[in-house]
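Take a look at what TrEMBL says about it:
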| type | residues | note |
| --- | --- | --- |
| DOMAIN | 1-273 | domain 'Hcy-binding' |
| BINDING | Cys191, Cys258, Cys259 | Zn(2+) binding site |
Amino acid sequence: VHLDYLEAGANVIISASYQATIQGFEAKGLSIEEAETLIKRSVEIACEAREIYRQRCAKGYWDFLDSPKIDRHPVLVAASVGSYGAYLADGSEYSGNYGASVTLETLKEFHRRRLQILANSGADLIAFETIPNKLEAQAYVELLMEENIDIPAWFSFSSTDGTNVVSGDPITECAKIADSCSQVVAVGINCTPPRLIHGLILSIRKVTNKPVIIYPNSGETYNGETKQWEKTSGETEEDFVSYVGKWRDAGACLFGGCCRTTPNTIRAISRALFDKSS
């Protein structure tokens, strides 16, 4: 899968560790040591894919004649960190409502060991994804500082209304938290319908000068109860890509796709960006 995305023009691939947690693996009967090994392995697999890709490029394996002539290097590997709600697997990653018993310290201790593992796994950066509320963003900031994480990170939030993150916290307040941390090198939005992205970019740019990263979903809605994606105003790949120029004009500079997008989406984004700049 990583190779499919690299062939499609991706410059950043994300490890399959979003929902991989020590606590989750333990609940399935694995030991802590086995859990830690699997989390690290998710990054190693992405790094191996990058190396295979580089070797194939060096040997002229891919036929680039029909591909945009973009610089495909460097390829970065981002280690994915999903929210506490992703571990719960009850849909709360899409609401940010964890209940009064979940405190800042609860979240820090939940994420601490996984972050340590991922930071020392060979990844180039940490991707804190689908952040649903201010509290978890603050937990990440404090962990980055407390653990002296020495690789950069990005924070990406999710929204359903184009103004706030899914918990109802204003996107501007969340982006300010990310902006306050020197280890955070980009701030943005993921797993959010394409139609909402433009306004969110403008809001984020009001409170930070850091690069804005956006990788929306297809526009469909995830039902946490049925655990299915449901058609709402889902975008076709062509419609999705038609937004890219507008997003870049609004100030975004890192682009991709989240749930229900495919390597074809990334290929089309690459072409759109290349064609616009040629």
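Each residue's number is its place along the chain shown, starting with 1.
Placed from the backbone N, Cα and C atoms, the Cβ positions cover glycine too.
Note that the coordinates shown come from a computational prediction; the quantities given were computed from them, not determined experimentally.
Describe the structural surroundings of these features, if you would.
Per-residue pLDDT, averaged along the domain 'Hcy-binding' (1-273), amounts to 91 for this model.
All chains included, 15 other C-beta atoms sit within 10 angstroms of the C-beta of Cys259 (Zn(2+) binding site).
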If you count other C-beta atoms within 10 angstroms, which of the binding-site residues Cys191, Cys258 is the most crowded?
Cys191
Beyond the listed site residues Cys191, Cys258, Cys259, identify every same-chain residue whose Cβ lies within 8 Å of the center of their Cβ atoms for the Zn(2+) site.
Thr130, Ser158, Asn190, Thr192, Tyr215, Pro216, Asn217, Ser218, Gly257, Arg260, Thr261
